[in-house]
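Some features that TrEMBL has for this protein:
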type     : residues                        : note
ACT_SITE : C168                            : active site, glycyl thioester intermediate
BINDING  : 19-24, D43, 51-54, K67, 112-117 : ATP binding site
BINDING  : C153, C156, C429, C432          : Zn(2+) binding site
COMPBIAS : 558-569                         : compositional bias 'Polar residues'
DOMAIN   : 7-429                           : domain 'THIF-type NAD/FAD binding fold'
DOMAIN   : 314-366                         : domain 'Ubiquitin-activating enzyme SCCH'
DOMAIN   : 439-531                         : domain 'Ubiquitin/SUMO-activating enzyme ubiquitin-like'
REGION   : 530-570                         : region 'Disordered'
REGION   : 591-648                         : region 'Disordered'
Amino acid sequence: MASLQHSQAIKGAKVLMVGAGGIGCELLKTLALSDFQDIHIIDMDTIEVSNLNRQFLFRQSHVGQSKAKVARDAVLRFRPHINITPYHANAKDSNFNVDFFKQFNVVLNGLDNLDARRHVNRLCLAAEVPLVESGTTGFLGQVTVHVKGKTECYECQPKPAPKTYPVCTITSTPSKFVHCVVWAKDLLFAKLFGDKNQDNDLNVRSNDAARSSEHAGDAFEWSGNEDLEQYGRGIYDHVFGYNIELALSNEETWKNRNKPRPIYCRDVLPDRMTQQNGNVDRTDDLSSASAMASLGLKNPQDIWCLMENTKVFLEALKLFFTNRRKEIGNLSFDKDDQLAVEFVTAAANIRAASFNIPLHSLFEAKGIAGNIVHAVATTNAIVAGLIVIEAIKVLKKDTESYRMTYCLEHPSKKMLLMPVEPFEPNKSCCVCSKTPLSLEINTHRSKLRDFVEKIVKAKLGMNSPLIMHATALLYEVGDDLEENEIANYTANLEKVLSELPPPVTDGTVLTVEDLQQEFTCNIHIKHREEFDEEKEPDGMVLSGWTQAPPEKKDGKTSIGNGASTSRSLPTKVGITEIDIEVKEISDGIVSPGTKRKLSEFSDGSTVDQSSDVDETRNNKKTQKHDDDDDLVMLDHWDGNMSKKRRSP
């Protein structure tokens with residue numbers, strides 16, 4: 001009977017997969033082999049060469065084609081009688097609304113970014129469809145189950161924001177290679193090739209009055225008839241020479257720091273490149289798309305010397321202006337744009353050389369600039385299998401058996417997979433528990449645009465927001481708006497909050513809503529005059545979306561679902577010893593569940609033998625994030641991978 005129910009639950013299920021990449025390929029294959037009959041796939045991406053080493057449903061001949069469609073065709077070759085419906089589209093498109101989600105029995109996520117995960121989570125909540133979420137980074141992985149009203153939603157525990165750096169560190173005092181990459185990507189590349197109207201903290205004043213008479217004060221303006229190599233050398237001298245000398249003039253800055261050295265192009269590359277390399281003007285397709293190809297540099301894992309970086313810098317800039325001039329002014333950095341990666345790598349390395357920071361290869365720089373952790377196919381396969389196991393439990397409504405499972409890189413107490421019971425909904429969550437938030441902001445300086453971009457979109461993940469003050473509509477996005485409405489809302493964006501009609505001041509409550517996500521949130525405004533530029537770079541602080549304190553229930557304690565390190569279960573900061581139920585893997589035999597302290601799984605620390613759980617809770621040791629750790633790049637992962645250390 002149980003076997004029959006199992007079979008009926010699978011065959012009668014209508015499943016939605018979101019994402020057909022590393023996890024998605026494994027997941028679709030596993031679903032098909034598990035006898036699922038009706039599978040729908042959404043993925044907006046096309047296949048790239050870099051996908052082929054792990055996304056096994058794709059071949060070289062598929063490059064440039066839709067991932068969702070090719071994955072469907074590949075699986076139908078060995079499971080021709082099942083129904084697979086692909087959608088080559090963005091999961092955030094308006095077509096995929098709450099009504100669309102309601103037709104499915106379960107949604108399975110294999111996404112690679114936080115914004116899309118939030119969106120799917122909210123649609124699943126609104127449609128009351130269970131969601132199985134997943135992620136991998138290298139050898140680490142996780143699978144979590146989210147059922148409205150029974151378990152926490154994906155957003156119940158705040159996700160760590162992407163690592164940011166103070167502007168002054170990036171522009172003036174870099175100490176790590178990642179600082180140089182951020183400078184090269186977000187400042188220099190954006191200034192040269194991006195939107196000229198965007199604010200940019202790069203110093204653009206030139207010390208060379210002989211430059212173009214029309215743009216004598218701007219070192220980045222190309223006159224149109226200026227020799228491109230000479231133009232490139234001028235930019236090189238400005239950002240790596242003149243600007244460094246200018247920084248050195250402030251002696252106070254360098255009292256406790258190593259001083260950088262100015263680097264001028266003539267000192268590294270005295271002769272013109274055309275005199276040094278007869279192949280530099282080749283016009284074949286490969287050399288026109290890549291500075292490396294043009295210069296005969298082949299291995300992306302080689303670390304270029306300063307002269308090679310200088311050549312790549314000048315050649316890449318020349319190729320942009322020669323072959324891609326129409327794109328200049330609208331370009332943004334893309335990790336899959338070979339020429340952009342080459343330019344950013346060279347610029348970051350030259351800056352690193354100036355500040356006595358070790359140089360890195362293009363392969364390493366690309367990983368940093370594109371926030372990449374190189375995926376491991378085995379981890380994707382394990383996680384896909386775990387997703388299907390949890391999906392079957394959801395379809396059978398076997399609530400007591402739901403598990404959130406974490407994959408570890410190294411065995412800890414003979415464990416590689418760590419299952420944990422799902423946690424209850426967080427009463428402080430503004431998404432599934434509708435808890436109001438508070439925002440500290442200077443209402444006399446901050447514009448509505450700042451609020452929309454930094455809070456509504458970046459923090460709350462809304463795509464089509466509607467903002468109301470009591471009954472007054474301050475801002476709305478939609479295709480059905482009249483021209484006068486669009487003009488009015490656009491004008492409101494440029495007004496400071498206290499000058500809006502009606503004014504937004506201390507004590508105001510704003511209602512923010514995304515109609516597609518069916519998500520509404522109330523935000524209490526608190527006026528604040530000053531903010532710490534380094535600790536609070538946004539100039540505003542959103543609070544109230546915090547973890548609920550652990551509740552006692554049948555002697556159990558909930559813990560957070562952040563990401564794990566390679567040797568410890570994910571926990572809330574501040575908790576190091578918690579009773580959890582785990583299953584040991586030993587010689588291929590799974591032993592019965594046993595109670596263990598979390599401290600057992602953290603760096604080989606000894607077990608606290610105390611049997612008094614409450615006493616343990618009252619004597620928790622705190623953990624601190626190590627601010628000195630390098631940036632961690634994430635792929636299909638949302639957790640905080642920072643290393644932790646015990647306080648003394």
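Every residue gets a Cβ built from N, Cα and C, even glycine.
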Number of Cβ atoms other than its own within 10 Å, given for G19 (ATP binding site): 29
In whole Å, how far is C168 (active site, glycyl thioester intermediate) from C153 (Zn(2+) binding site) when you measure between their Cα atoms? 37
Can you tell me how far the Cα of D115 (ATP binding site) sits from the Cα of C429 (Zn(2+) binding site), in Å? 17
10 Å Cβ neighbour count around D43 (ATP binding site)? 25
Cβ-centroid neighbourhood (8 Å) of the Zn(2+) site, C153, C156, C429, C432 excluded: L125, E152, Y154, E155, P425, N426, V431, S433
Let me make sure I understand the structure: which of the binding-site residues listed (C156, C432) has the fewest other Cβ atoms within 10 A of its Cβ? C432
Inter-residue Cα distance where the pair is D112 (ATP binding site) and C432 (Zn(2+) binding site), in Å: 22
Nearest to C156 (Zn(2+) binding site) by C-alpha distance, among the recorded positions G19, D43, N53, D112, C168, is D112
Neighbour tally for the residue listed as 'active site, glycyl thioester intermediate', based on other Cβ positions within 10 Å of its Cβ: 12
Of all the binding-site residues given, G22, N53, D112, D115, C429, which has the fewest Cβ neighbours within 10 Å once its own Cβ is left out? N53
Cα distance (Å, whole number) from C168 (active site, glycyl thioester intermediate) to N53 (ATP binding site): 40
Considering Cα atoms only, can you say which of G19, G22, D112, C168 is the nearest neighbour of C429 (Zn(2+) binding site) among these recorded positions? D112
C-alpha spacing of C168 (active site, glycyl thioester intermediate) relative to G19 (ATP binding site), in angstrom: 38
Average pLDDT across the domain 'Ubiquitin/SUMO-activating enzyme ubiquitin-like' (439-531)? 93
